[in-house]
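Undergrad: Dumping the structure here so I can ask a few things about it.
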DNA sequence: AGCACGCCGACT
DNA sequence: GTCGGCGTGCTC
């Protein structure tokens, strides 16, 4: 029996495929982790060699040989493969697709992983003086020759391109045997000189650093719990320094691309070590370069977003994941992994520590602390002894509001501006108003292909659907009765911005949301303006709550907290509390504590009260008790099936079939909830439904899911839908 | 997912 | 007579 290659082929199929070694090759030289090209049905596909086996369950005559082995050395180590195999199993996602997503896009497509080279020009032949005599009549050649002998190591293309007729002159010299081209490995990003000194640590930071350092060289998970400004980043930097000194690599993950530049700046200023940045905003070539630099160990610090969690590491020493509560760590389509949970599993498999940082930890992580799985590290309130912000509820019941702003909030804004301090207003909705309604007949502008209202974008004179690509010109007359009394209903950032400009004509108002920051670099420009004091009032969405710090802001207004408290999503409370605390964290500085005003019509709401009286920790405790009583995560486990189709009845029928199969299984702890229409029952012309499976026993839930996946093909026959299955869902939409 | 094959309506 | 609609089945 010849050797059989077990290959994870890039295809949405849950099995591994068997192939024969490529014709005329020695299978003993092959190693798991190399990419291969294989025949797959009528086409060719890229796959990854997982294992070299002695036999196949299939008839060997039916096996085809691999067409090509793409890498001389494995790109993924046994550890990398183990992690991806685990993730593929845990999330029930096809192994070939999961593996493909671990590669930089160019490598996924089968492009070369060979080290990049540049062609440099080197001097050759008689020495400088002798050669000069040979080109007396060509001044350009003579000049280049002089340059060459000054740099006998070779001139890179960048310098040659800067010379008049550089390439031409160079080739002339090569023709005369006075120079030659040489392929040379491209330089990895050069190290920076003069690292910035480390900051002084306060006792809390010192203790946190010490606890993690004790754990280096083995697995341990830490929850680093510290409010904004408590100096979490300095803790990361200290830990990174120690790991680098021991020759290890450090992986640092953040939830959003926009958070990488500031962190990159701090790491680069501190460490001369080569650093790689990896996220989907980079060009394909840059991503490949960063990926290979980490894989080969040429870079020792990795800064990335969730897609970086699978990057191969040559000498892994530490994983840091900042803002661990952030839902962006969960992939929302395709391979729906949680980068936070994968990071913890990866640290476990690699036997290294992982540090999860947050000012507002997720209930999951707090639960893991209670269970003894994570160690809780607290940082004192604020580095430098700044006072925490003062929270106040503003009861707006019966108040006369100016575009949603109460007289009290407006007067406090005025006072703050009078002191030449900045104000931040948080409105969790972009656009002018979320609804356009006819005052005469009650007609509401709706999206033709979603169950959603069109949002008014006054500035651009458009109506937009925030759920599909649809947009149209803003209409002046009711589409139903023709009346011209159309009114905006509800509040968005644009409307608040306009109201403030009207009310405080002297103030400079900046709006920060996805619309105002769409252009590349515009967010940075706005942040710079705020930093430099060229802005008096900031109005924005949750973009304001993420990472950026505004030390000149002393008043934070949350225009409408009630919206976040009354959602059908059981996580809405947790998210609202995190958002409030994160936005509040932007306010105040060492010499002047910030003030946070929350406008509400329910000043007695238990969530709000506990958050304000006891802080986030107290709130989280109460919230966890409610979850425990209902068996919700983190006290129960969930798998969410989604289905959609242009045909209204299909998603429900498909999911009902699954629900029925689930009900027939022997799984006493399993709760089958649904199928029900999705919260957005129609989106982009597709009808959507979902089915939630829940169980306090993870193993039982996953067993059911596995069986149901086997039943999918039969259910799909005669009821075609687009479907997906989401393990540990964080969003139900 | 692609991409084949395969069996029924409106057209150069 | 075909071109092409998408239902069905397969990929080691």
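In case you wondered, yes, glycine gets a Cβ from its N, Cα and C as well.
Quantities reported herein were computed from a predicted structural model and do not represent experimental measurements.
OK, TrEMBL features for this one:
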type	residues	note
BINDING	A:438, A:441, A:478, A:481	Zn(2+) 1 binding site
BINDING	A:447, A:450, A:465, A:468	Zn(2+) 2 binding site
DOMAIN	A:213-379	domain 'Helicase ATP-binding'
Undergrad: Using Cα coordinates, what distance in whole Å links residue A:441 (Zn(2+) 1 binding site) and residue A:447 (Zn(2+) 2 binding site)?
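TA: Rounded to a whole number, the Cα-Cα distance is 18 Å.
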Undergrad: Quick check: of the binding-site residues listed here (A:447, A:465, A:468), which one has the Cα closest to that of residue A:438 (Zn(2+) 1 binding site)?
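TA: Considering only the listed binding-site residues, the nearest one is A:447.
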Undergrad: Using the centroid of the Cβ atoms of A:447, A:450, A:465, A:468 as reference, list every other same-chain residue with Cβ within 8 Å of it (recorded Zn(2+) 2 site), in sequence order.
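TA: Checked against the 8 Å cutoff, the neighbours are A:448, A:449, A:452, A:454, A:466, A:467, A:469, A:470, A:683, A:684.
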Undergrad: Relative to the Cβ position of residue A:468 (Zn(2+) 2 binding site), how many further Cβ atoms are located within 10 Å?
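TA: Neighbour count, Cβ to Cβ under the 10 Å cut-off: 17.
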Undergrad: Anything within 10 Å of residue A:478 (Zn(2+) 1 binding site)? Look among the binding-site residues A:447, A:450, A:465, A:468, comparing CA atoms, and list what you find.
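TA: So far as Cα distances go, none of the binding-site residues lies within 10 Å of residue A:478 (Zn(2+) 1 binding site).
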Undergrad: Taking every residue in the domain 'Helicase ATP-binding' (A:213-379), what is their average pLDDT?
TA: 95
Undergrad: Which state, by DSSP, holds residue A:478 (Zn(2+) 1 binding site): helix, strand or coil?
TA: coil
